[in-house]
Amino acid sequence: MADSQNDDAGPFLPPTISPPVLLSGASQTYFSPIPAHLVADNTPCCLGVDEAGRGPVLGPMVYSAFYLPLTLSDPLLKQKHSFDDSKVLTPAVRLSLMKELCTTETDLHHNCGYATSSLSPLSISSGMLKASKSHMYNLNQQAMDATIALIKGIYERGVNVTDIFIDTIGQPAAYQKKLERVFPTAKITVAKKADSLYPVVSAASVVAKVTRDIALEVLWADRSKQMRKRKRKDEPAGTEKRAKVDTDARDVDEPSQTQGESPEGENEEEAEEAMAWGSGYPSDSKCVTWLKQNMHPVFGWGPECRFSWGTAKDMLETKGAVKVDWPEEEDDQETQKLTDFFMAKGDSSEDQNVDELGTWFGTPAGVECF
């Protein structure tokens, strides 16, 4: 029995994805059930972290943490199931491995656990587009926080993680030192191409990649549905009625080839549309073309787009979008503090020597007043 939808019930949807949350534009985090024997026996485990979707302008960036007993890393992941860097595995192989991981009767499900943090385009962009540079939440910091949160969550659930392996972009040494301060009891290895070197990172890579790919499909299914509705709405009056008459006539003369599905022509149209925005990377001409053709002059795009990416920002500024003038925020340095109202006025030595406590209720009177 699988943890999520199987082929008989429809397209495979891993438990790492909640379509309502995804379509709302929010980020989401998922922790798989912990194999009971890992906690009961306090089994020493290794943990790997990798991401998918750091560079695309469309879709979420997904971080994944994967763990299993130290002694099973090579025998189970590398030798038996041939886990490798997700980029060298075919989509079919990646999907097959993810399905096994989600199926209760398999050795992967019995011995392994995983967690994902899917950072939505909205979350990424809102952090990177802060008006004040001092408040900007850049992509590296978001990635670091997601990694730390996943590892902490697995520790909190009782898993005895002794060895951590992480794939990095940038300088591994600086990244490793930061993590060692957060997790001082674990042996931490941060390396470039870790998804090719360590099977547990390869497994995390597969989980992250499958989650992102299917999330992009869910986003596209919703977007293409909206596009078809808009297209039908824009059709000349009478077109839809004629199409219905033609369909009814065909149903009388010819039996439908599928039960409960759209006509073959519509399926072909949807299949063709599924390729419309390509991989979601700015370097993909399909992606750029789709962005240009589907840009709203005021709102830009939907929850699938990272507005902080140069590709999106340039289009909004140069391709006919409505120009918006945002009021400038006051500099934090110009804001008065409450304590400023209780400070002595003036800079003279006389003002500085005033006894504020003594004059709080008035100035003392001398003998000459009597």
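Backbone N, Cα and C define each Cβ position, glycine as well.
TrEMBL does not curate its annotations; it predicts them automatically.
According to TrEMBL, the features are:
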DOMAIN    44-321  domain 'RNase H type-2'
BINDING   ASP50, GLU51, ASP167  divalent metal cation binding site
REGION    227-278  region 'Disordered'
COMPBIAS  233-253  compositional bias 'Basic and acidic residues'
COMPBIAS  263-273  compositional bias 'Acidic residues'
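Taking the centre of the Cβ atoms of ASP50, GLU51, ASP167 as the divalent metal cation site, the nearby residues of that chain (Cβ within 8 Å, site residues left out) are VAL49, ALA52, TYR63, SER64, ILE166, THR168, ALA194, ASP195, VAL201, ALA204, SER205, ALA208. By neighbour count, meaning other C-beta atoms within 10 Å, the densest spot among the binding-site residues ASP50, GLU51, ASP167 is ASP50.
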